[in-house]
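The structure under discussion appears below in the form of structure tokens.
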Amino acid sequence: MQRLHEELDKLARFSSSEYPSVTRVLYTQNDLEARQYFISLCEDLNLKVRIDPIGNTYARWEGAEPKLAAIGTGSHIDAIPLSGQYDGTVGVFGALEAIRYLKSINFKPKRSIELVLFTAEEPTRFAIGCLGSRMMSGQLKLEQALKLKDKEGNFLNDVRIEAGFKGDLNEVELSKDYYHAFIELHIEQGPRLEKEGLDIGIVSKIAAPSTLRVNLIGEGGHAGAVLMPIRKDAGIAGAEIMIAVERIAKKSNSDDTVGTTGIFDILPRAVNSIPKEAYLEIDLRDTNIETRDKALSDLKQEIAEICEKRNIKYSIEILNCDPPAICDSQLVNTIEKVTNSLGYSSKIMASHAYHDSLFMAQLFPTTMIFIPSKDGVSHRPDEYSSPEQIEKGVKTLALTLKEIDG
Ligand code: GLV
Ligand code: MN
Ligand code: MN
């Protein structure tokens with residue numbers, strides 16, 4: 001698997017931040033060059049490459065019966081600012097290695113095996129996660145997609161065309177019979193496998209994210225001259241909301257509820273000026289939709305109360321509010337069988353991070369294969385899974401694809 005590690009290392013250099021951190025944002029030069037690198041490796045393996053109008057890239061190993069629904073696998077290669085080199089990439093380049101392995105043992109698939117590089121699993125540019133897979137599943141309709149704008153005010157539709165992805169966005173959606181099954185290999189991004197000394201996690205459910213944008217408008221003014229009783233400080237209202245997010249997530253009845261305010265900006269950002277505006281992006285998730293939705297409605301209520309108390313005008317935009325995925329139990333059993341045959345230890349577990357599989361699961365029998373993450377760290381430059389751990393993931397994926405085909 002030396003080659004896979006060299007590939008992952010080379011991929012990490014397509015980044016706008018300094019190695020070993022990785023920053024690879026949708027349709028930037030780095031993203032486009034990394035995609036090109038991936039495509040060249042697919043072509044070396046004689047896979048048939050097809051790119052859809054949003055940039056989802058399919059690489060197909062044609063089976064003996066190409067009319068049968070294919071078996072899908074894959075993940076993403078975009079990376080949030082200052083993150084690591086394994087999130088998503090292991091499921092793309094690892095799948096390539098799995099195909100190489102199956103070819104090396106002279107396996108000839110009956111169904112086609114198709115590797116997908118999903119466009120923008122990360123919400124960095126358009127504030128919505130799983131852009132490519134969301135469109136594939138029909139959960140993001142054309143009308144909504146055409147409204148998506150990045151921070152600079154560029155429309156998704158313009159930047160994708162500029163990046164070279166043309167064609168009718170309606171064609172991104174897949175039919176329910178497109179894949180026979182979908183399997184995503186991914187790093188765990190949490191500490192459970194490492195803590196329990198296990199090789200492989202088999203995912204039974206995937207947490208459901210909701211993302212909110214909150215805009216607060218108060219009143220700016222001189223930090224010395226405007227006395228405390230008459231202030232309408234949008235920054236403090238934002239800070240109170242941030243605390244509320246944490247409190248609501250902690251007091252939920254579900255251990256799986258998490259709440260994060262990942263973006264909190266204030267304006268005008270001057271030390272001697274009262275913040276007149278604040279902007280927050282909040283991520284609330286759970287594997288259980290009832291507790292997640294309860295947390296969401298509690299938060300909306302608290303935002304209203306905080307803003308009323310502080311005389312702040314506000315707007316809340318719910319960017320997405322996705323249902324959790326239940327993975328296919330037969331596929332889970334198949335992977336368990338494969339790990340047993342390989343002598344790998346495994347456990348069935350929930351995914352608290354979201355993945356493109358969340359959307360694939362809406363269309364196809366789907367599950368995921370997790371490998372351990374060192375210290376449970378992810379979305380950081382020190383994210384790490386060892387070559388041995390990755391190799392076990394790749395072998396598990398390869399033999400699972402073979403088993404499903406059989
Ligand atoms: C995906 O990266 C997530 O935020 O779960
Ligand atoms: Mn990620
Ligand atoms: Mn990921």
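Glycine is no exception: its Cβ is also placed from the backbone N, Cα and C atoms.
Not measured: the values here are computed from a predicted model.
The Zn(2+) 1 binding site annotation in TrEMBL covers HIS76, ASP87, HIS186. Look at HIS186 (Zn(2+) 1 binding site): DSSP puts it in a strand.
What TrEMBL records for ASP87, GLU122, HIS379 is Zn(2+) 2 binding site. Sequence-distant neighbours of ASP87 (Zn(2+) 1 binding site) (same chain, 6+ apart, CB under 8 A from its CB) are ALA79, HIS186, ILE187, GLN189, SER378, HIS379, GLU383.
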Determine the minimum-neighbour residue: among HIS76, HIS186, HIS379, listed as binding-site residues, which Cβ has the fewest other Cβ atoms within 10 angstroms? HIS379
I'd like to verify something. Among the binding-site residues HIS76, ASP87, HIS186, which ones have a C-beta closer than 6 angstroms to some atom of ligand 2? ASP87
Can you give me the Cα-Cα distance between HIS76 (Zn(2+) 1 binding site) and GLU122 (Zn(2+) 2 binding site) in Å, rounded to a whole number? 8
Using a 10 Å cut-off, grab the number of neighbouring Cβ atoms around the Cβ of GLU122 (Zn(2+) 2 binding site), all chains included. 23
Once DSSP output is merged into helix, strand and coil, ASP87 (Zn(2+) 1 binding site) belongs to coil
